[in-house]
Amino acid sequence: MIKNGLFLTAGNFAAGAMSFARNVAIARLVGVEDFGVASTFAMIVGLADALGYTGVDRLLLQAKDGDSAQIQRTVHLANISKGVVTAGVLLLMSEYVAAYFSVPETAWAYQVLAIGLLARGFGNVDRFRYQRDMHFGPSIVMELAAGLASLVCAVALGVVLGDYRAMLYALLLYDFVFVAMSHIVAERPYRVSFDSAPLRRVLKFGWPLTINAVLLYAVMQGDRFIIGGALGVEMLGLYSAALLLVSFPTNLVNKSLNSFFLPQISRVQEDSRRYAIYFELLMQMALLTTFVMCAGYQIAGPAVLITMYGESFASVAFLFLPLAMLHGLRLIRSAINTQAIARAQTTNPLVANLVRAMALPVAWVVVDNGGGLAMVTLVAVVAEAIATMVALSMLTRRSEPGLGAGVELVFLTLMGVAVVVLNDMVMHHGLRLPFWNVAFPALLAATALLLVWRTPLLRRWLLSGGRQL
């Protein structure tokens, strides 16, 4: 089993690395302001995806009859409808979007993006049937082919054009290659049909996930929309550069854990012992990753930023620790959401995301009253912490198996993050602590050892090659 997990992680890493390299290359080749405009393209595509998200991929994985050909044909119809609607809306709203970001001359670019949204609706979803049996190869091949084509396009056009158009055409090429590969790797031929019973089932399963996707998008991208609209695309470019460095590893881990554990937890829903084991293992991985990420970015983040982007982006190095804390909390909450979706409790992520999204008006008020990037990020961290506590409280009320074993690990993770915060205050904010040069590495090492010691399930699973739980 661990071989499948490692293969999935390696594939996701390679695909994510290509996307990361594409964005870094564009940032270096086009400059801060044009990178800010380029960032809005990915934001708008993400918004369109969120507005049309029905969770059909999760249904094909979670449902006992998710490999049914009839359900698959109905899902294709739902995806076509989504592509037509989202592309049409973007065409109609393109001038308003460009005006919001104070770049009216780019309205045509958002209209071009709509072509990619339409193309996405015609992809084959047969790859999700493979994932039910832990066969991730087709999905990874699709990601790698599209990612490589997009990377090559971005670098070539970044050199030739030298502006935001490099990102525009790279994203468009990604969509076309991804859709084409979905048909190439599929075993079942692409078919579309209307059947009211499966369609009602798709809608019933998906409506909470649609609302949740919109809220999740608001949670993850709302701050960038506020920054881009109120502070301008140059500040958006700076913020996006720092965010990219933090979100890349987090999204990689999150995607791998979700893809690997959702089928596992769904399969053992009736076996409380194995269910508890898988859930505990998932939480241990999420918490350990959070600690490692916060420590790593606080120590090495500024140097990595300058190496990747150059001196023109150095002014946002101070954002690394709060952004790492923000994404660590999101990773923990995503692990909780994976458990909820495995139980088909799709309203649980919705509630937590609603709590998190309520902070967006606060962030807008902060920016409107002169607050900068630091204050926006601080508001996001506090709101994410509250949303994570809400998600945990919903699990506690249901007394989910495997939850109790994670309380001590949560405390140890928070202790480690507190040590990292202290070090950041010493290095960047003038706090003076005696013998801190010796105390910090000692405290960090002690916390890391405690975390490893208190995760026996994870150690046993890794040492056995995924064969023993």
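Backbone N, Cα and C atoms are what each Cβ position is placed from, and that goes for glycine too.
In TrEMBL this protein carries:
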type     : residues : note
TRANSMEM : 37-56    : transmembrane segment
TRANSMEM : 77-101   : transmembrane segment
TRANSMEM : 144-161  : transmembrane segment
TRANSMEM : 167-186  : transmembrane segment
TRANSMEM : 226-254  : transmembrane segment
TRANSMEM : 275-300  : transmembrane segment
TRANSMEM : 312-329  : transmembrane segment
TRANSMEM : 350-367  : transmembrane segment
TRANSMEM : 373-395  : transmembrane segment
TRANSMEM : 402-422  : transmembrane segment
TRANSMEM : 434-453  : transmembrane segment
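Two recorded stretches are said to be in contact when at least 3 C-beta pairs lie under 8 angstroms, sequence spacing 6 or more; the transmembrane segment (226-254) and the transmembrane segment (144-161) fall short of this definition. The transmembrane segment (350-367) makes no contact with the transmembrane segment (312-329), as judged by fewer than three Cβ pairs under 8 Å among residues 6 or more apart in sequence.
Among residues of the same chain six or more beyond the transmembrane segment (144-161), those with a C-beta under 8 A of the stretch's C-beta atoms are 11, 14-15, 18-19, 21-22, 25-26, 29-30, 167, 169-171, 173-175, 177-178, 181.
Using a cut-off of 8 Å between Cβ atoms, the transmembrane segment (37-56) and the transmembrane segment (167-186) share at least three residue pairs, counting only pairs 6 or more apart in sequence. Here the transmembrane segment (77-101) has Cβ contacts under 8 Å with residues 37, 40, 44, 48-49, 51-52, 54, 56, 107-111, 113-115, 117-123, 125, 192-194, 199, 202, 228-229, 233, 236 of the same chain, all six or more residues outside its ends. Under 8 Å from some Cβ of the transmembrane segment (312-329) lie the Cβ atoms of residues 27, 31-32, 238-239, 241-243, 245-247, 250, 289-291, 293-294, 296-298, 301-302, 305-306, 373-374, 377-378, 380-381, 384-385, 387-388, 417, 420-421, 424, 428, all in the same chain and six or more residues away from its ends.
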